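Colleague: Dropping the structure in here first, questions after.
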Amino acid sequence: MSKLKLHGFNNLTKSLSFCIYDICYAKTADDRDGYIAYIDEQYNANRLTEILTETCSIIGANILNIARQDYDPQGASVTILVSEEPVDPRDVDTSEHPGPLPSAVVAHLDKSHICVHTYPESHPEGGLCTFRADIEVSTCGVISPLKALNYLIHQLESDIVTMDYRVRGFTRDINGVKHFIDHKINSIQNFMSDDMKSLYHMMDVNVYQENIFHTKMMLKDFDLKHYLFNAKPEELSAEERERITHLLYKEMQEIYYGRNVPEV
């Protein structure tokens with residue numbers, strides 16, 4: 001697509017949303033509590049702020065404001081307001097305090113922001129634990145959130161990823177013609193490295209006429225030792241390893257396809 005000469009600012013909003021899952025098996029209630037505490041500390045508000053700050057650097061956005069919060073008993077949230085235009089570093093506020101009033105921020109928040117929320121959880125009896133991170137990178141202008149794909153998936157050690165990319169609104173060229181998208185895309189996969197794509201099974205569900213693109217990813221290789229918390233495969237019987245492998249694989253399939261799978 002040739003470069004457009006626009007009339008005024010690029011008014012297209014480009015949003016990339018992730019659900020990233022980490023799956024684990026913890027045998028006892030204490031182990032499950034231990035996993036939740038571990039993952040909660042591993043992805044606390046400070047660590048997530050570091051990840052999102054680097055994301056801003058990757059996509060070429062300028063940070064205006066950071067709001068972050070750890071929650072009791074678990075979970076964290078970080079929201080960063082960004083702009084396309086350079087800002088004076090002396091005007092950037094990253095301290096922890098209440099942000100601007102809604103009247104001062106709502107117009108900007110509708111355009112460009114990066115946010116993440118985390119959701120650790122566990123099965124009450126089955127030993128299965130999951131950690132989900134919801135991430136949204138929404139930009140207005142020429143900045144593309146797709147540049148952050150590989151970095152975010154890698155940083156959050158993802159077993160399963162579901163992604164949505166959508167372009168909303170329109171912008172006008174100098175002749176007054178409306179443009180509802182300003183770049184070529186037929187799949188989110190085209191913006192991933194070959195190394196990343198080789199690690200995952202992938203499936204697309206795209207609605208091209210609406211500029212909506214959806215991709216699901218699940219790790220190809222399954223190694224039980226990477227999914228056990230406070231345990232090693234050699235400490236388990238063959239029957240136990242088979243049972244846990246079945247539980248984990250079923251859990252991953254259900255999350256990947258978004259539906260419960262009945263036992264046969």
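Using N, Cα and C of the backbone, Cβ positions are placed for all residues, glycine too.
Among the features that Swiss-Prot reports, active site, schiff-base intermediate with substrate is placed at Ser112, with the record citing sequence analysis. What Swiss-Prot lists as active site, proton acceptor is His117. Annotation comment: Swiss-Prot describes Cys140 as active site, proton donor. Swiss-Prot lists Ser112 with the feature pyruvic acid (Ser).
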Colleague: Rounded to the nearest angstrom, how far is the Cα of the residue listed as 'active site, proton donor' from the Cα of Ser112 (active site, schiff-base intermediate with substrate)?
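Modeller: Counting only the Cα atoms, the answer is 6 Å.
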Colleague: List the residues of the same chain that sit at least 6 positions away from His117 (active site, proton acceptor) in sequence and have their Cβ under 8 Å from its Cβ, in sequence order, or write 'none'.
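Modeller: When sequence neighbours closer than 6 are ignored, His117 (active site, proton acceptor) has Gly75, Ala76, Ser77, Ala133, Asp134 within Cβ distance under 8 Å.
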Colleague: Taking the Cβ of Ser112 (active site, schiff-base intermediate with substrate) as the centre, count every other Cβ atom within 10 Å, in any protein chain shown.
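Modeller: Around the Cβ of Ser112 (active site, schiff-base intermediate with substrate), 25 other Cβ atoms lie within 10 Å.
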